[in-house]
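Peer 1: The structure under discussion is supplied below as structure tokens; questions concerning it will follow.
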Amino acid sequence: MAPAGDREGYWGPTTSTLDWCEENYAVTWYIAEFWNTVSNLIMILPPIFGAMQSVRSGLEKRYIASYLALTVVGMGSWCFHMTLKYEMQLLDELPMIYSCCIFVYCMFECFKMKKSVNYHLLFTLVLFSLIVTMVYLKVKEPIFHQVMYGMLVFTLVVRSIYIVTW
């Protein structure tokens, strides 16, 4: 039998631009990276319950969107690590950008009046997401995604520090 890293599973050959350190198809023929896949349940189930609780509590849609965005990231990551297909990699990585944009919006609007919408910030974040998506689809370079995602996370950290020390 070939080593796990050389096996081809149910989904066929790997087409993703990334393949993480876990042995492929070591546990089952149907899941390329078993532990990376099943660990995404923590990114799927709790946010669903959070979204439901947010609806019950009458919270604003931006908070519900945040929970649902985490769920989409978890489902996309599940699909990617299960298949190691490029299309599923996009389903993992692009929602990371979109969800972080939702988080950035929430962080910058957390002290605003309830039910208010900052259309300028919303437009800027949607435009940023569209540009990142178009460029990433063109260049297919994971480093580009990582830098853009890092910029969003950096923005979240700086804003969090500002909020805590304000």
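Glycine too: its Cβ is placed from the backbone N, Cα and C atoms.
Predicted automatically and left uncurated, TrEMBL annotations should be read as such.
If you look up TrEMBL, you'll see ASP19, TRP20, GLU22, ASN24, GLU33 marked as Ca(2+) binding site. Look at TrEMBL and you will find HIS81 tagged as Zn(2+) binding site. Sequence annotations record features per position, and here TrEMBL assigns transmembrane segment to 34-52, 64-84, 96-112, 119-137, 143-164.
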Peer 1: For the recorded Ca(2+) site formed by ASP19, TRP20, GLU22, ASN24, GLU33, which further same-chain residues have Cβ atoms within 8 Å of the site's Cβ center?
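Peer 2: Here the nearby residues are CYS21, GLU23, ALA32, ASN36, HIS81, LEU84.
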Peer 1: Relative to the Cβ of TRP20 (Ca(2+) binding site), which residues of the same chain, six or more apart in sequence, are found under 8 Å away?
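Peer 2: Set apart from TRP20 (Ca(2+) binding site) by at least 6 residues yet with Cβ under 8 Å, we have GLU33, ASN36, HIS81.
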Peer 1: Are there residues at least six beyond either end of the transmembrane segment (64-84) with Cβ under 8 Å to its Cβ atoms? List them, or say none.
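Peer 2: Here the qualifying positions are 11, 14-16, 19-20, 24, 30-33, 36-37, 40-44, 47-48, 50-51, 54-55, 91-96, 98-99, 102-103, 106.
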Peer 1: Work out the three-state DSSP category of ASP19 (Ca(2+) binding site).
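Peer 2: In the DSSP reduction, ASP19 (Ca(2+) binding site) maps to coil.
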Peer 1: Same-chain Cβ contacts of the transmembrane segment (119-137) under 8 Å, 6 or more residues past its ends?
Peer 2: 90, 93-94, 97-98, 101-102, 104-105, 108-109, 144-145, 148
Peer 1: Could you say whether, by DSSP, ASN24 (Ca(2+) binding site) belongs to a helix, a strand or a coil region?
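Peer 2: ASN24 (Ca(2+) binding site) sits in coil per DSSP, no helix or strand.
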